[in-house]
Amino acid sequence: MRKPTLGNPQNTIEILQKYDFSFQKKFGQNFLIDTHVLDKIIRAADITKEDMVLEIGPGIGTMTQYLAEAAGKVVAVEIDKNLIPILTDTLHDYDNVTVINEDVLKLDVRELAREENGGRPLKVVANLPYYITTPIIMGLFENDVPVESITVMVQKEVADRMQTGPGNKDYGALSLAVQYYAEPYIVANVPPNCFMPRPRVGSAVIRLTRHEKPPVEVKDEKLMFDIIRASFNQRRKTLANGLNNSDKLSLAKEELIEAIERLGKGPGVRGESLTLEEFAELSNYIYALNR
Ligand code: SAM
């Protein structure tokens, strides 16, 4: 079995110097230089030779080497063209890796899963570029990409937001969206010194295991997410006022109050105290009233 050659500071510096590589801040480039963290990610992702892994942002190929050892196949999507010759070099020994030089947000990942994996579910594993964490994850869920799990390094604060529930200051639209599609689990917290260059924020590895079926029954998903966004857009307002101020929902205030009362809540209730089940119930009432 081959051993990954990257994942420590010396080898990373060596390869960066060999190719005279300069980090691009706009691409959120913070490369992993800690083998313990890499081992933890691979273990949490639970990869077998049956799996196809999609890696977003392979960088110089550090985690890609680990993934190629564990998986049947790896497709790695990297936006920075200056990293492509480096990846050709560092992944030279692996015949189960395909590198695509593309912006992942412009790529049709569903089509990719169909072509490369016969439409079977992928496992997504990545040390994500933090500036586009939410669009990447929501894009995978909302576009019905067949994914079994997403195991990713994200900003610590974002991991907390994904995992938390009502009553916590981090609870919001992202928590509800993620939990509608998946079961979140924070695997590890990762300090800045595990990266080169060091990010200014703390990081965490989170695993999102996709639900086979959402935990709540919703008549109109888009309506529920419009309601959720409207409730958290104006956190200080009551739920009724927040929803009343939304231009996406055209309901009279009395109807909104009635729908909220049917949840068994008083008029002063705020969106941040509602569970996913309650948002689903509320959106189903409003759906019925709209018809
Ligand atoms: N996986 C490497 C590691 O752990 O050392 C690098 C991780 S670094 C945090 C994020 C990577 O994502 C960089 O290589 C960056 O160039 C790439 N990236 C940034 N924006 C991207 C995009 N829109 N599409 C694909 N890759 C992107």
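A Cβ is built for glycine as well, from the same backbone N, Cα and C atoms used for every other residue.
Annotation source TrEMBL lists S-adenosyl-L-methionine binding site at N30, L32, G57, E78, D103, N127. According to TrEMBL, the feature domain 'Ribosomal RNA adenine methylase transferase N-terminal' maps to 37-212.
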Handout entry: In the chain carrying D103 (S-adenosyl-L-methionine binding site), residues 6 or more apart in sequence that have Cβ under 8 angstroms from it
Key = I79
Practice task
According to DSSP, folded down to helix, strand and coil, what is N127 (S-adenosyl-L-methionine binding site)?
Solution key: strand
Exercise for the section: Write out the long-range same-chain contacts of G57 (S-adenosyl-L-methionine binding site), meaning residues 6 or more apart in sequence whose Cβ is under 8 Å from its Cβ. Expected result: F27, G28, V77, E78, I79, V104, A126, N127, L128, P129
Problem - Under 8 Å by Cβ from N30 (S-adenosyl-L-methionine binding site), counting only residues of that chain that are 6 or more apart - result: N127, F195, M196, P197, R198, P199
Practice task
Give me the non-local Cβ neighbours of L32 (S-adenosyl-L-methionine binding site): same chain, 6+ apart in sequence, Cβ-Cβ under 8 Å, ordered along the sequence.
Solution key: G7, L38, G59, T62, M63, N127, M153, C194, F195
